[in-house]
Amino acid sequence: MKNKSFILFLLAAANFTHIMDIMIIMPLSNRLMELFQIAPQEYTLLVSAYSSCAFVAGLLGAVYLDKFDRRNAFLVVYAFFGMATFACSFVPNFYFFLVFRGVAGFFGGIIGALVLAMASDLFVAEERGKAIGIIMMAFSAASVIGIPTGLYLAIQFDWHAPFQLLGVLSFIIWLISFKYIPSLRAHIDAKNKDDIGSGHKETRKEALLKLLTSKNARLALLLTFTLVLGQFMIIPFITPFMIRNIGFSESQITLIYFIGGGFTIFTSPLFGRYVDRFGARKMFNIILPISFVAVAILTHLNIILDSVPIWVALCITTFFFVFGSGRMIPAQTQLTMAIPAKRRASFMSLNSSVQQLGSAMASIIGGFIVIESNTPTKELINYNWVGIIAVCIGITGLFVFPLIKSVKD
């Protein structure tokens, strides 16, 4: 297929808007809590509403996505995602904002699954690590470009502006995708061939049951759940922790995402190439333990040092960004090889659903553990315990990953 690299760029761009839509809440957290006069527990509802709706969408996608041409499914879902995100910029209060975040999450959850399924269809297994690394660069681009830009717009105008930017950007990407992304239906042809060979047309219920009863699929989903649960107990509170406990100003928060994301722009493709060269399992066993060190230092930063210089805090957050996102590259690469192509979109949608479930649960758990102090600065308490729990959960991945087998398309 011609222009595979350009199509991969479009998929990464779409993933960028999806990731930025998730992440933009993080640096705006302190501002939103003050604006809507809500506590950390209520703030986590914004994160969990997005994730919970994406979870439901992922379950539905697991049943239906592999029935459609990947291109058509992508264009329909991405259009609704863009409209829902743009609608967030017109809400008058917290409750309307909560509702539209849920709608955006519903369609955003399917986008992530479709992007990975389409990239996996375009590239053979030997090239897939690099392709996944480029897709994962969306996180880096959202950190370097999207988050600072969104926060700047929020400071200069108001908190609605970042969502208006995302809505317009999604529309532009949709138009380009409509013109250049070709039909992707090899998975449908493969299934039809199997149906003819067996003399039986597989129903949606049968396809889903085969997916759910696959030990390999269940192990892959368990790996996703543990990684996301540990990660998202930490991420939502980075901004308020840095402002209230470490002493960052709101404008300095952009440096966390700019520098951390800047490094991952280079490390994500690098990790992807290493996965193709040395294997996903070996790289996972190296990157995951290093990410535990980053989590432990970050969440204990105000305990380790009485006074934390800004440059030291930025080094630690960058360390966390590089290896926190890096551990997902070998994991996602292995996941794309755990299921044959004819079931890949359904599986990736189910995987996305599990990701969102883990994210929602992590936000809620973190919200109950982390509390505000009674001091004038309202410092966060118990963030260190969140870090300890996150590491303990993440260790599970070291035992689950070796059990996941690769299958041929």
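Glycine residues also receive a Cβ, built from the backbone N, Cα and C atoms like all the rest.
TrEMBL lists 7-408 with the feature domain 'Major facilitator superfamily (MFS) profile'.
Per TrEMBL, transmembrane segment is recorded for 43-65 (among others). Residues 22, 25, 29, 32-33, 73, 97-99, 101-110, 113-114, 117, 204, 207-208, 211, 232, 236, 345-347, 349-357, 359-361, 363-364, 366-367 of the same chain lie 6+ residues outside the transmembrane segment (43-65) yet bring a C-beta within less than 8 angstroms of a C-beta in it.
When Cβ-Cβ distances below 8 Å are used as the criterion, the transmembrane segment (72-92) is approached by residues 14, 17-18, 21, 65, 99-101, 103-104, 106-108, 110-111, 114-115, 118, 160-161, 163-164, 166-168, 170-171, 173-174, 177-178, 181, 345 of the same chain, each at least six residues removed from its ends. Taken from TrEMBL, the feature transmembrane segment applies to 72-92 (among others).
Taken from TrEMBL, the feature transmembrane segment applies to 98-119 (among others).
According to TrEMBL, the feature transmembrane segment maps to 131-155 (among others). Within its own chain, the transmembrane segment (131-155) has Cβ neighbours under 8 Å at 8-9, 11-13, 15-16, 18-20, 23-24, 26-28, 31, 115-116, 119-120, 122-123, 161-162, 165-166, 250-251, 253-254, 257-258, 260-265, 268-273, 275, 321, 325, 328-329, 332-333, 336, counting only residues six or more beyond its boundaries.
Annotated transmembrane segment per TrEMBL: 161-181 (among others), in sequence order.
Within the same chain, residues 25-27, 29-30, 33, 40, 43-44, 47, 249-250, 252-253, 256, 295, 298-299, 313, 317, 320, 324, 327-328, 331, 334-335, 338-339, 347, 350-351, 354-355, 357-359, 361-363, 365-366, 370, 380, 383, 386-387, 389-391, 393-394, 396-397, 400-401, 403-404 sit at least 6 positions outside the transmembrane segment (219-243) and bring their C-beta atoms closer than 8 Å to a C-beta of that stretch. What TrEMBL lists as transmembrane segment is 219-243 (among others).
The transmembrane segment feature in TrEMBL is assigned to 255-272 (among others).
Here TrEMBL flags 284-304 (among others) as transmembrane segment.
Summarising the annotation, TrEMBL assigns transmembrane segment to 310-329 (among others).
For the transmembrane segment (350-371), same-chain residues at least 6 beyond its ends with a Cβ under 8 Å from one of its own Cβ atoms are 40-41, 43-44, 47-48, 50-59, 61-62, 105, 109-110, 112-113, 211, 217, 220-221, 224-234, 236-237, 335, 380-383, 385-386, 389. Summarising the annotation, TrEMBL assigns transmembrane segment to 350-371 (among others).
Beyond the transmembrane segment (383-404), the same-chain residues lying 6 or more positions past its ends with a Cβ under 8 Å from any Cβ of the stretch are 216, 219-220, 222-223, 226-227, 229-231, 233-234, 237, 241, 245, 281, 284-285, 288-289, 291-292, 295-296, 298-300, 303, 327, 331, 334-335, 338, 365-366, 369-370. Annotation comment: TrEMBL describes 383-404 (among others) as transmembrane segment.
Put simply, of 98-119, 161-181, 284-304, 310-329, the stretch with the most CB pairs closer than 8 A to the transmembrane segment (255-272) is 310-329. Mean pLDDT across the domain 'Major facilitator superfamily (MFS) profile' (7-408) comes to 83 in this model.
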